[in-house]
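Feature annotations, courtesy of Swiss-Prot:
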- Glu173, Arg219, His447, Arg484: L-aspartate binding site (BINDING)
- Arg219, Asp220, Glu221, Gln228, Glu477, Gly529, Phe530, Asp531, Arg532: ATP binding site (BINDING)
- 197-200: region 'Aspartate' (REGION)
- His30: site 'Important for tRNA non-discrimination' (SITE)
Amino acid sequence: MRSNYCTELDSGDIGKIVDVCGWVNSYRDHGGVIFIDLRDRSGLIQLVCDPKHSQEAYTIANSVRDEFVLRAHGKIRARGKDLINPKLKTGEIEVVVENLIVENPSKPLPFVIGDKNVSEETRLKYRFLDLRTNENFNKFFTRSKAAIAARNALDRLGFVEVETPILTRATPEGARDYLVPSRVYNGQFYALPQSPQLFKQLLMCSCFDKYFQIARCFRDEDLRADRQPEFTQIDIEMSFCDQKDVMKVGEAVLKDIFKSCGKDIKTPFRVMQYKDAMENYGSDKPDLRFGMKFIDVADIFEKSSNEIFANIAKDKKKNRVKAIKVEGGDLKFSKRQMQRFEEYVRKFGAQGLAFIQVKEEGLKGPLVKFFEKSEIDELVKRCELKVGDVVFFGAGKKKIVLDYMGRFRIFLANELELINPDALEFLWVVDFPMFEQNEDGTYSAMHHPFTMPNNVDEPDIEEITSIAYDVVLNGIELGGGSIRIHKEDIQEKVFKLLKIEPAEQREKFGFLLDALSFGAPPHGGIAIGFDRLMMLVTRSSSIRDVIAFPKTQRAQCLLTKAPSGISNEQLRELGLKINKKEQK
């Protein structure tokens with residue numbers, strides 16, 4: 001039916017007889033000759049329907065409209081010099097049509113294909129139309145090449161692809177599970193996996209040594225621009241390895257993925273401790289495409305005549321005093337901008353935003369009066385200030401200050417256009433805390449409870465670190481992993497620290513504890529978020545752009561209208577009764 005994709009043809013094919021198929025992208029009648037831009041997944045080619053060559057083809061062309069599906073048979077010829085379109089790959093040639101077939105007409109469209117002003121809601125409702133653009137197709141072509149590259153890289157490294165169950169049991173992994181009622185076992189439920197975590201560990205206990213899977217995962221959680229209820233990850237696990245071994249494999253896979261997309265990345269990646277990332281950038285996934293590293297000035301503030309600042313600075317365990325210097329900032333920022341900066345940080349818990357400006361006549365700002373000259377001199381030296389600079393200060397509770405100053409750093413970089421969109425800054429963040437405190441004072445595992453702790457017998461739970469690592473690209477977490485607990489007694493200690501009693505341990509994780517007791521090898525792994533990776537590679541604004549049929553931020557599919565109700569008969573079979581929630 002088809003001899004070539006549209007953009008496979010060029011000036012080297014002049015005189016060739018071809019058959020091309022696709023959709024009508026546009027059409028126009030110029031002096032009794034009809035020109036059609038035919039579009040397939042590769043791009044566009046111009047069809048010429050001239051009654052001098054084929055009256056029948058011309059008559060059919062006169063009836064076509066946008067998005068009609070056509071098959072055209074004809075000869076390639078060169079365009080006239082004044083008719084060449086340099087914007088098109090096929091801009092030097094056209095197909096003189098001898099035979100034209102309408103394979104299928106199209107109803108009037110709800111929107112023009114490729115219109116950037118169409119709402120996302122409409123595009124998702126008619127996703128099959130939205131995907132017809134070459135821009136969208138190319139994202140999925142890139143995604144396909146990346147998946148193949150990942151598979152080939154892992155195959156080359158000796159990994160075995162194994163599919164783990166989709167219907168499994170609920171386990172506490174952080175988010176809520178999607179539950180599937182069992183028809184056979186009334187009142188019992190399967191859970192869709194949040195990750196293949198436990199199964200891949202069991203495979204290591206089964207002597208598989210190296211496992212991978214491009215896995216589908218499900219989490220019933222509140223959605224953001226970079227999250228979906230169902231998502232894909234490149235899941236990797238290996239035995240007899242340490243952290244460096246896993247990181248080396250992760251780098252090899254990412255290098256091959258980017259190579260398949262025409263980009264070369266340098267390995268090994270930079271490594272940074274979690275503590276340093278938080279203290280210097282206010283984030284466990286810092287964007288290193290620009291500077292503006294925090295400057296710690298607590299010891300200087302400790303000497304301040306302002307008791308509030310001094311008392312904050314003295315408690316170095318609970319509080320932080322951080323500075324961000326902007327070179328030339330005093331010459332760039334208006335008074336209104338400075339007010340806007342304060343309004344921004346207040347949204348994240350800041351009480352205000354103190355600053356000092358460096359003028360020709362000296363330092364200006366609300367903080368200057370609270371310091372002696374010697375302390376001001378020390379501040380100038382510490383921050384390496386010069387005329388025209390401005391330095392911002394955040395002071396208060398550790399968690400709040402690091403958070404809003406980290407956000408403010410990114411905000412400033414965007415304001416100053418410091419971020420190179422073409423740069424690729426990879427980073428490993430390591431040595432995460434094993435546990436984090438919840439709002440109610442209890443503790444949960446920062447990654448998951450199967451991560452190997454460095455010092456499980458440390459009496460202060462907040463001082464226990466884990467052999468965990470995240471891979472970060474341009475301030476976005478691509479994936480994370482850890483060395484796993486492979487000894488039953490250590491796993492039981494971690495469960496105990498999480499207040500999981502022995503009976504509950506056996507009930508929920510008995511199969512894992514059994515596996516660890518029968519000679520489990522040291523093992524570890526990593527999972528790379530494939531959707532998020534593709535979002536970055538294709539420079540998309542959301543992972544919805546790189547998922548063929550995504551859900552909205554309300555976890556709905558506007559195309560199929562999922563989720564949907566089921567019949568009373570199905571409910572009876574499952575032994576379920578729906579109690580509708582009251583609308584708030």
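Glycine is no exception: its Cβ is also placed from the backbone N, Cα and C atoms.
Values in this document were obtained by computation on a predicted structure and should not be read as measured data.
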Let's check the environment of Arg219 (L-aspartate binding site): how many other CB atoms sit within 10 Å of its CB?
21
Which residue counts does DSSP give the region 'Aspartate' (197-200) for helix, strand and coil?
4 helix, 0 strand, 0 coil
For His30 (site 'Important for tRNA non-discrimination') and Arg532 (ATP binding site), the CA-to-CA distance in whole Å is 46
Which value does the mean pLDDT take for the region 'Aspartate' (197-200) in this predicted structure?
96
Let me make sure I understand the span of the ATP site: among Arg219, Asp220, Glu221, Gln228, Glu477, Gly529, Phe530, Asp531, Arg532, what is the greatest distance between any two Cα atoms, in Å?
20
State which of the following recorded positions has the fewest other Cβ atoms within 10 Å around its Cβ: His30, His447, Arg484, Arg532.
His30
Using DSSP with the three-state reduction, classify Arg219 (L-aspartate binding site) as helix, strand or coil.
coil
Glu477 (ATP binding site) and Arg484 (L-aspartate binding site), distance between Cα atoms, whole Å
20
Name the residues of the same chain, 6+ apart in sequence, whose Cβ is under 8 Å from the Cβ of Glu477 (ATP binding site)?
Asp284, Lys285, Asp470, Val471, Gly529, Arg532
